[in-house]
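Annotated active site, proton donor/acceptor per Swiss-Prot: H188, in sequence order, evidence recorded as sequence analysis. Swiss-Prot lists S318 with the feature active site. If you look up Swiss-Prot, you'll see 99-101, 129-132, 139-141, T187, S319, 324-326 marked as substrate binding site, on the strength of sequence analysis. The site 'Important for catalytic activity' annotation in Swiss-Prot covers E331, and the record cites sequence analysis as its basis.
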Amino acid sequence: MEYRIERDTMGEVRVPADKYWGAQTQRSLENFRIGTDRFRMPLEIIRAYGMLKKAAARANLELGELPEEIAKAIIQAAEEVVQGKWDDHFPLVVFQTGSGTQTNMNVNEVIANRASEILGKPLGSKYVHPNDHVNRGQSSNDTFPTAMYVAVALALHQRLYPAVEGLIRTFTAKAQAFDQIVKVGRTHLMDAVPITLGQEIGSWAAQLKTTLAAVKEMEKGLYNLAIGGTAVGTGLNAHPRFGELVAKYLAEETGLPFRVAENRFAALAAHDELVNVMGAIRTLAGALMKIGNDVRWLASGPYAGIGEITIPANEPGSSIMPGKVNPTQVEALTMVVVRVYGNDHTVAFAGSQGNFQLNVYKPVMAYSTLESINLLADAVASFDAHLAQGIEPNLERIEEHLQKNPMLATALNKAIGYDKAAEIVKKALKEKKTLKQAALELGYLTEEEFDRIVVPMRLAKPHEGA
């Protein structure tokens, strides 16, 4: 491998000749060999940083803080970072300084060297300087949280929201299709009064809508950016209008209403907005756990379980039991949920660890949140495509359970009273008879009266037509 010499304030460093990074990135590579292959800084952060550095160069150009030639080269190089052209030039891990300084400098060095190259200058020449030009008016302390918020907001819009909204559409369609299928309701894991299969699946769609709306509400906090606060929130070394312009340009590029945080001291010292978003994502994940559990119970069997719905058989379920079909998509989804719960704890605890003017757990907060978004998006899309869209009713089993359901007697309360209805249920269960047989033998109702009162669909939709 060929090397070139890069320099920083600590001296000379050998850097691979074909890489755009510089001395500080190389030092970080050598000093933080922690999870190198498994915990790389997410590319979402790198791309967001590219947007930020482009916006910063535009702002500095407008404010007369950078020469036009330098600014335009930075803008071009930063756009190449956004497009993913230099992804393999960002090798650093999450576990570095808690302010994300090494990643900020990795981005600064790559853009500076690429911009210098665009202007016909050799790598390492610092014709475009990583600190004086690319990082002008900035600190790692305000740029990393800015890139973090931009990255998470974009990941929500590009990954999580479409996946969950797709599953909501699937459940809504299934709810409409199965609206006339009456089945046993269940509370406390015990038989209860009837509902329709459509009502049951419709409740899943409603729960997802509610929890997704909460994520979207919490996302609004991410629009408040730390940029312009520089090292401690005072804005030292930044033009007074710099942060405002950067936020404006980021809003233009992303289509999201980014703005400068009202209090940039708080924006550096705490990241409660991200903690709130992650908490809402965890709540959404909890809804998916509930739905997944419902699905696997309803599909359990085929003979010794509930078996009221069927799900697609995507692959053999067992290496020893021939013909077995397992709810594998549910199991994958719920394992992701467990991971998200762990990540939420990481983000919540990390968010509590700000000291004075800076929280120094930013990279792990960013990584954990982005991992949760990406895992959930993938798992929900997989669950939707390979399971939810293939849910079908097992009409024979549904009817069998419905006819045996003693809770149909609830419909008799108004006609004969709670006590007599309970007596009918006890007799039916003890003597293994239908409710109708028990009611007739006790003489509390005629056959005509029973048939008129105990209508399962009317129990499931008592107010329809009212």
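Including glycine, each Cβ sits where the backbone N, Cα and C put it.
Sequence features, as recorded in Swiss-Prot, placed on the structure.
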residue : record                                  : DSSP (3 states)
S99     : substrate binding site                  : coil
P130    : substrate binding site                  : helix
S140    : substrate binding site                  : helix
T187    : substrate binding site                  : strand
K324    : substrate binding site                  : coil
E331    : site 'Important for catalytic activity' : helix
Should one count Cβ atoms within 10 Å of each candidate's Cβ, the recorded positions S99, T187, S318 would be headed by S99
From the Cα of S318 (active site) across to the Cα of H188 (active site, proton donor/acceptor), what is the distance in angstrom?
-> 31
Between the binding-site residues T101, S140, N326, the one whose Cβ has the fewest other Cβ atoms within 10 Å is N326
List the Cα distance (Å, whole number) between E331 (site 'Important for catalytic activity') and P130 (substrate binding site).
-> 47
For K324 (substrate binding site), the number of other Cβ atoms found within 10 Å of its own Cβ | 12
Out of P130, D132, H188, E331, give me whichever of these recorded positions has the highest number of other Cβ atoms within 10 Å.
-> P130
Hey, how far is T101 (substrate binding site) from S318 (active site), Cα to Cα, in Å?
-> 49
Which of the three DSSP states, helix, strand or coil, fits S318 (active site)?
-> coil
